[in-house]
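Accompanying notes for the structure given below.
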């Protein structure tokens with residue numbers, strides 16, 4: 001009885017102190033580190049989501065860019081500023097499935113259609129075996145059947161449920177972030193009028209899905225493509241977008257945390273000067289799912305309110321530098337051009353492969369398969385880089401269904417703060433309430449509303465609509 005009374009008194013004390021803090025502290029100290037930037041944007045009446053400000057030209061679809069509008073004039077040539085601003089990736093400290101090389105990965109598969117018929121004619125696949133379409137004699141009657149690659153899957157030769165060695169990937173080198181066995185994929189797209197999009201793709205052999213209230217994992221799949229987009233205007237980075245599951249988050253480039261890293265000058269570089277220290281953007285890769293976030297901590301997957309049963313977790317684990325090992329290409333909306341002989345040796349057909357980069361979803365009768373209300377344990381593998389909407393004008397790969405405001409993808413001006421023990425607070429982080437709060441005056445009223453909306457539904461709705 002005494003314990004119950006003590007808990008009740010403690011609860012009232014906490015509530016009283018919280019109310020006093022909400023009523024007294026906000027008028028004395030306003031927690032809006034980038035309020036001048038907000039005021040500037042509001043004064044400009046900025047509504048065009050394809051412009052940084054009223055002085056910059058529009059972004060064009062890559063297929064509509066004329067010769068006079070081109071930002072890149074030599075197919076296959078990768079600008080140095082793209083490499084210099086490549087994101088660094090903090091992998092999770094307890095990660096089990098690390099990055100891998102797609103050329104090594106495909107050797108462990110055969111190609112099958114959705115009915116289980118074998119499409120590949122030999123073992124030890126290479127990237128040259130991945131094509132846009134196939135013509136196969138399925139029934140042994142010397143009649144070829146046309147099968148589009150969208151109807152096939154890479155099917156494991158081993159039981160992936162037992163974690164064969166090739167499924168685990170490779171850990172980057174400590175200190176440098178170099179990963180000799182896991183090249184990233186870089187695709188640079190000319191968006192005209194000085195705009196250039198640099199897509200960095202990160203490949204992991206396996207996606208280990210999240211747990212729901214301690215049960216799972218759910219949504220596992222063999223093969224996992226994640227990516228980030230750095231959008232440049234005349235060589236200056238303006239935006240950064242990072243994928244997370246079927247969507248992602250876009251940021252103004254200045255809003256994202258940076259990491260100083262040394263870039264050694266190569267002997268063949270003709271310009272003067274020695275080694276250079278560059279400020280590179282940081283991305284945090286979530287445990288198992290490899291979803292990308294801009295901060296460390298717990299990130300709500302679908303339900304971002306008081307109750308977060310489905311979450312991703314990030315921390316400052318091993319640092320991976322994709323710019324030290326990558327395959328690179330340029331893409332004009334129609335033609336892919338390799339940047340060197342290394343990429344030419346891999347061929348280009350694999351980029352046009354529309355099939356799943358992992359096994360088809362296991363049937364319910366398979367003993368490895370399990371089901372929960374919203375998800376299966378094992379789902380089908382993802383599609384490859386060329387089918388991630390590289391021709392997008394919007395910063396995001398797609399518009400969030402619930403967010404029609406500002407095109408569904410406004411670029412955030414503050415990092416969305418995570419929850420949990422690994423979460424951090426910096427001057428770049430917002431309080432997870434939308435910029436609608438910045439319009440409220442007087443400040444003491446804003447402070448009260450900020451307190452009342454802390455991790456509340458209304459606050460999260462504003463975050464969705466205003467960033």
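Start at 1 and count along the chain as shown; that gives each residue its number.
Backbone N, Cα and C define each Cβ position, glycine as well.
DSSP classifies residue 61 (N-linked glycosylation site) as coil under the three-state reduction. All protein chains considered, the CB of residue 61 (N-linked glycosylation site) has 13 other CB atoms within 10 Å. Annotation comment: Swiss-Prot describes 61 (among others) as N-linked glycosylation site.
If you look up Swiss-Prot, you'll see 124 (among others) marked as N-linked glycosylation site. Secondary structure at residue 124 (N-linked glycosylation site), taken from DSSP and collapsed to helix, strand or coil, is coil.
Annotation source Swiss-Prot lists N-linked glycosylation site at 141 (among others), citing sequence analysis. The C-beta environment of residue 141 (N-linked glycosylation site), restricted to residues of the same chain at least 6 apart in sequence and closer than 8 Å, is empty. Under the three-state DSSP scheme, residue 141 (N-linked glycosylation site) falls in the coil class.
For 8-28, the entry in Swiss-Prot reads transmembrane segment, with the evidence type sequence analysis.
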Other CB atoms within 10 A, centred on residue 124 (N-linked glycosylation site): 12
Integer Å distance between the CA atoms belonging to residue 124 (N-linked glycosylation site) and residue 61 (N-linked glycosylation site): 39
